[in-house]
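**Student:** Encoded as structure tokens, here's the structure I'll be asking about.
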Amino acid sequence: MPTKIPRNDYAAMYGPTTGDRVRLADTDLIIEVERDLTTYGEEVKFGGGKVIRDGMGQSQVTRAQCAVDTVITNALIVDHSGIYKADVGLKDGRIHKIGKAGNPDTQPNVDIIIGPGTEAIAGEGRILTAGGFDAHIHFICPQQIEDSLHSGITTMLGGGTGPAHGTLATTCTPGPWHIGRMLQSLDAFPMNFGLSCKGNASQPEALVEMVSAGACAMKLHEDWGTTPGAIDCCLSVADEMDVQVMIHTDTLNESGFVENTLAAIGDRTIHAFHTEGAGGGHAPDIMKVVGYENILPSSTNPTMPYTVNTLEEHLDMLMVCHHLDKSIPEDVAFAESRIRKETIAAEDILHDMGAFSVMASDSQAMGRVGEVIIRTWQTADKMKKQRGRLAEETGDNDNARVMRYIAKYTINPALVHGMSREIGSIEEGKRADLVLWSPAFFGVKPEMSLIGGTIVMAQMGDPNASIPTPQPVYSRPMFGAFGRAVERSAVLFVSEAAQAAGIGDQLGLAKDTLAVKSTRDIRKSDMIHNSFRPDIHVDPETYDVRANGELLTCEPATDLPLAQRYFMY
């Protein structure tokens, strides 16, 4: 007969349920469970004396009869689509079903069948998110990949060939030969990848050649000459070949001002990198592009959030990244023109308003590859403390703000780059690129990461201990990060032209290749929870930023969550 148990006891046993609230790490962000897809009294849980046993929560159904490969039980899902509790069934490396797991022979309402061939991951008291997507990578060194993976990222997009000086400054893998070598190298790592080629050319032939060789995007960078002619040529090729274009505009305004760049772009879709400007772009008013429907604005993480240390560290970073010389006054003036506290402060607020749509790193080129997720949540926390609740919030929680910020490094970059049918959210049919977090470590240190349904990284104690938990516990690569499992779990994103030409066979790639699609009809209004288009004015003398006439300014943070408390060693 049914019985009731205290809510605290239930949460301790099966995780939080509808109406329960959870704090995210040491931030002031509180989420509330909106709904629970499991069935009270019929929850499945693995362990001695628990439910997932033969004839109880485990059925006799074979894999061929639709039992799942893996079940994640009682997970608290935090996604752009909502904050809710469910069991998640994985099969063939994809999310098979989100709902209620168990044995249909003994339990009601079961839509995820647990069989003898099903592995169990305990999601009770854990948060489940889609793997993060960092869409601004300088492939300067392969060690970045490990740092990124261990922070909760499962997909990286960018360009480069290693520590060549072109790569140190620009996210471009130039030419078919380099693209081929990089794709062959990236075959070896437990991470999904896409490469961007150089987009700076005034004639289309070389750009077509690079996209056909496997690049899934093109990058226009001022260090290669982002002139109106190059912008027009690059976008014309992109429209023809269905790949995205990322742009780093002309800081010095040598070949034109922001208005000239906007005229060259026209109404064509483009992904605007570090749209605040410290990372590069028309000084001082590149930020005005956030108001355009065809421009998809992103930030890189060194300016996020604005703190008392932000300005001081940026000048030296910029000199190194762009191969500048402190003994040349013009180089110093170039660097100083990009670092403006007024626009950096406004960037925080525009993210909170949903005007900036994407967060990325700019790895080792004025950005930290392992801090995309950390800095996203630090910004959300800073904005809650400084600006209060969002008008969109309902109830005593921060669900709307949390969904806005998680979209910035999951679904929105996937939409921008034509990958959203495969990655970016927890949806049935998408790849099982998933990250499990303890709420106390949310945003800082993932408990476990899966790519294509295979565990590639997890917190693990001393391997020589009698149990997995003795210290030192830290994130370590798991079986999915080794051998042939890497090849079958992660993928390489390429252009449709390269996919049709059989680029995988041409280069002898072991990973599957997937073509990006529908990159040219994405608009700002498609950016989930981040589609606000204010009219931006930047004062050319004071650098004050106004959105729809409202002055945007905030104080720099003097301390942040998700910081030294979590990194004592």
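We number each residue from 1, going along the chain as drawn.
In case you wondered, yes, glycine gets a Cβ from its N, Cα and C as well.
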**Student:** Figure out which of HIS248, HIS282 sits with LYS219, HIS274 in the Ni(2+) 2 site per Swiss-Prot.
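**Tutor:** Among the candidates, Swiss-Prot records only HIS248 at this Ni(2+) 2 site.
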**Student:** Want to know which recorded positions, from HIS136, HIS138, HIS322, ASP362, are within 10 Å of HIS248 (Ni(2+) 2 binding site) at Cα; which are they?
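**Tutor:** Within 10 Å Cα-Cα: none.
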**Student:** What's the CA to CA span in angstrom from HIS136 (Ni(2+) 1 binding site) over to HIS274 (Ni(2+) 2 binding site)?
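**Tutor:** Just about 9 Å between their Cα atoms.
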**Student:** State the Cα to Cα distance, in Å, between HIS274 (Ni(2+) 2 binding site) and ASP362 (Ni(2+) 1 binding site), rounded to an integer.
**Tutor:** 9
**Student:** Please report the distance from the Cα of HIS221 (substrate binding site) to the Cα of HIS322 (active site, proton donor), rounded to the nearest angstrom.
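**Tutor:** A Cα-Cα distance of 11 Å.
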**Student:** Find the average pLDDT over the domain 'Urease' (131-569) in the predicted model and report it.
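**Tutor:** Mean model confidence (pLDDT) across the domain 'Urease' (131-569) is 96.
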**Student:** Using the CB centroid of HIS136, HIS138, LYS219, ASP362 as the Ni(2+) 1 site centre, which other residues of the same chain sit with their CB within 8 A?
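**Tutor:** Along the chain, the qualifying residues are ILE137, GLY158, GLY159, THR170, THR171, MET246, PHE273, THR300, ALA360, SER361, SER363, ALA365, GLY367.
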**Student:** Based on Cβ atoms within 10 Å, give me the single least packed residue among the recorded positions HIS136, HIS138, LYS219, HIS322.
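**Tutor:** The recorded positions HIS136, HIS138, LYS219, HIS322 were compared, and HIS322 has the fewest Cβ atoms within 10 Å.
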